[in-house]
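Participant: One structure coming up, written as structure tokens, with questions to follow.
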Amino acid sequence: MGMNNNRVEHFDCYDQQQFQTIIKIQQQPDIAMEIHKVELPPQRTTLHKLKQRLSEIFFPDDPFYRFKNQSCFMKFILGLQYLFPIFQWAPQYNFHLLRSDAISGLTIASLAIPQGISYAKLANLPPIVGLYSSFVPPLIYSLLGSSKHLGVGPVSIASLVMGSMLSESVSFTQDPILYLKLAFTATFFAGVFQASLGLLRLGFVIDFLSKATLVGFMAGAAVIVSLQQLKGLLGIVHFTTKMQIVPVLISVFKQRDEWSWQTIVMGFGFLAFLLTTRHISLKKPKLFWVSAAAPLASVILSTILVFLVRNKTHKIAIIGNLPKGLNPPSSNMLYFNGPFLALAMKTGLVTGILSLTEGIAVGRTFAALKNYQVDGNKEMMAIGLMNIAGSCSSCYVTTGSFSRSAVNYNAGAQTTVSNIIMASAVLVTLLFLMPLFHYTPNVVLAAIIITAVIGLIDYQAAFKLLKVDKLDFLACMCSFFGVLFISVPVGLGIAVAISVFKILLHVTRPNILVLGNIPGTQIFHNVNQYKEASRVPSFLILGVESPIYFANSTYLQERILRWVREEEEHIKANNGSSLKCIILDMTAVTDIDTSGLDTLCELRKMLEKKLLKLVLANPVGNVMEKLHQSKNLDELGLKGIYLTVGEAVSDIASSWKAQP
């Protein structure tokens with residue numbers, strides 16, 4: 001008790017000038033000095049809590065609100081509209097909307113045809129499969145999709161990942177039938193995975209791919225894709241199938257004797273043309289049609305050129321014969337047993353996640369521009385079902401393409417009918433125009449792919465990450481170099497691992513801030529952020545910016561004790577007033593578990609041994625309820641919990657002053 005008497009004596013001779021800080025807090029004008037009681041939240045049953053929690057997890061948008069107080073017939077109509085959004089806008093559809101959709105549909109068809117052929121080659125699939133994938137999936141999406149502007153079809157990232165993952169185990173040249181079966185099967189599993197996420201409302205799973213890691217992943221993939229196209233641009237016949245930057249560059253220079261000057265001239269000529277049109281459209285968005293029409297124009301011009309000089313251009317590789325006709329069924333080609341089933345499932349999972357992430361992001365981007373909402377779970381189901389249908393009709397993984405959607409938006413699309421118009425144009429091509437692509441040179445397809453994937457290299461986003469968040473930039477770079485030097489799947493794995501690590505880092509090592517008083521107010525803020533904020537003598541006020549639970553409770557205890565030690569050392573060095581009370585501002589503590597409760601109890605006991613008082617300020621309802629149920633409120637006592645930090649300081653300081 002001797003030490004306690006010393007502390008009381010020390011307070012009796014408390015420096016009056018320093019005590020003025022507390023007096024000013026107590027005497028703020030227009031602020032009542034009444035000390036408010038912290039109330040417990042209304043009592044709820046465990047079942048009610050569980051129901052509310054599950055509702056917040058799986059139904060944050062409350063999709064059933066429209067069904068309330070409706071007749072059975074209206075509920076049926078609303079359910080039909082919910083499952084098939086086409087029934088929402090079809091009754092009001094008119095000729096004016098059709099005219100806009102027809103123009104945009106034909107515009108994106110001019111982009112979809114060369115892209116479909118090019119991306120199929122990127123996935124090491126027959127070019128005709130790319131056109132098949134631009135016919136059936138858009139029709140399915142037009143019935144089920146909720147985005148008005150999403151242009152559906154193959155995309156570069158999913159094509160690249162599928163091609164790289166499958167070709168590591170199966171040669172598309174030596175065993176093309178097995179490779180095709182695995183591609184269709186991977187598409188089926190991608191669709192099942194996507195539709196399941198939507199049906200079970202588990203869309204938050206794809207949020208583990210942060211934007212920072214995706215920026216690095218897509219940039220690395222774009223570089224690899226571009227380097228792979230050197231085979232077509234240079235006319236190389238024997239080229240590596242590996243997807244790392246070192247083997248690709250070695251293969252390019254090792255096969256210098258296979259370089260064809262005719263191919264090089266044509267390839268770089270059309271590449272310059274495509275990049276110029278892309279630059280024009282970026283500078284002047286009203287001229288979007290220039291870059292949209294450029295790929296098809298390049299295909300037509302190069303095909304005519306090669307046809308006219310076909311007897312003198314033997315070194316320029318061409319597509320060759322493409323079969324006419326509609327999508328043949330491929331359900332009999334799905335590969336559900338055998339040694340490569342795991343490969344197909346893994347490929348489907350990876351491509352499914354990537355395509356789903358891109359599709360939803362693109363849909364939400366253009367929805368925000370037109371001020372309407374896109375239901376993420378409905379989009380997952382739509383994309384998943386169209387891939388399941390596509391796997392049975394000779395299609396591979398498709399999703400919402402950013403380039404097609406941008407062209408669709410700029411061309412004035414009003415509804416998903418633009419996808420139907422595009423699919424109809426592809427249908428006409430499949431039925432009647434396929435022989436015209438016989439002399440289309442592969443080098444032009446390579447130029448189209450390079451132009452498309454260059455847009456994935458977002459160096460401005462990388463610079464922004466470096467400026468704003470160094471950890472995000474590190475994640476971006478790790479993902480980028482992982483793709484370049486290891487492999488695309490490993491690069492994606494690194495991206496996911498870094499995203500999860502970042503989450504764990506924030507969860508297990510939350511911020512703890514020292515708070516000070518803003519002069520003239522009862523507001524307490526971070527002393528490092530607000531230079532005018534002053535510490536209150538004899539008080540250490542700490543703000544915890546995280547839930548308190550098993551993953552961080554030990555860290556929080558150790559860090560708080562360290563703050564106490566450092567504060568006491570600082571006071572001793574400056575001959576200040578002795579530390580008497582620690583206030584934890586619980587405003588940002590959204591939850592607490594049993595480990596967190598035990599930590600608070602242990603911390604209180606450890607501080608009591610140092611003759612220090614622990615006080616809690618502003619615990620939220622959920623935290624307050626658990627404190628009550630665990631009997632921690634009884635241990636803290638009547639003066640151990642306050643509504644605000646200001647009231648805690650005022651009341652505790654008044655009690656000290658009242659002591660004899």
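Yeah, the Cβs are placed from backbone N, Cα and C, and that goes for glycine too.
Heads up, here are the entries from TrEMBL:
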DOMAIN    529-652  domain 'STAS'
TRANSMEM  178-202  transmembrane segment
TRANSMEM  208-227  transmembrane segment
TRANSMEM  259-275  transmembrane segment
TRANSMEM  287-309  transmembrane segment
TRANSMEM  334-356  transmembrane segment
TRANSMEM  417-437  transmembrane segment
TRANSMEM  443-461  transmembrane segment
TRANSMEM  473-501  transmembrane segment
Participant: What stretch, picked from 178-202, 208-227, 259-275, 334-356, 417-437, has the most CB pairs under 8 A with the transmembrane segment (473-501)?
Facilitator: 208-227
Participant: Cβ pairs under 8 Å with the transmembrane segment (178-202): which stretch of 259-275, 287-309, 334-356 has the most?
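Facilitator: So the stretch in question is 334-356.
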Participant: For the domain 'STAS' (529-652), what does DSSP give as the number of helix, strand and coil residues?
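Facilitator: DSSP classes over the domain 'STAS' (529-652) add up to 62 helix, 21 strand, 41 coil.
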Participant: For the transmembrane segment (259-275), I need the partner stretch with the highest count of C-beta pairs below 8 angstroms, choosing only from 208-227, 287-309, 417-437, 443-461.
Facilitator: 443-461
Participant: For the transmembrane segment (287-309), which partner among 208-227, 334-356, 417-437, 443-461 gives the most CB pairs under 8 Å?
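Facilitator: The stretch with the most contacts is 443-461.
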Participant: Below 8 angstroms Cβ to Cβ, which residues of this chain, lying six or more residues outside the transmembrane segment (208-227), approach it?
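Facilitator: Cβ under 8 Å, 6 or more out: 122, 156-157, 160-161, 243-245, 248-249, 252, 353, 357, 449-450, 453-454, 456-459, 461-462, 465, 469, 472-473, 475-484, 488, 491-492, 494-496, 498-500, 502-503.
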Participant: Taking all residues of the domain 'STAS' (529-652) together, what is their mean pLDDT?
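Facilitator: Averaging the confidence scores along the domain 'STAS' (529-652) gives 86.
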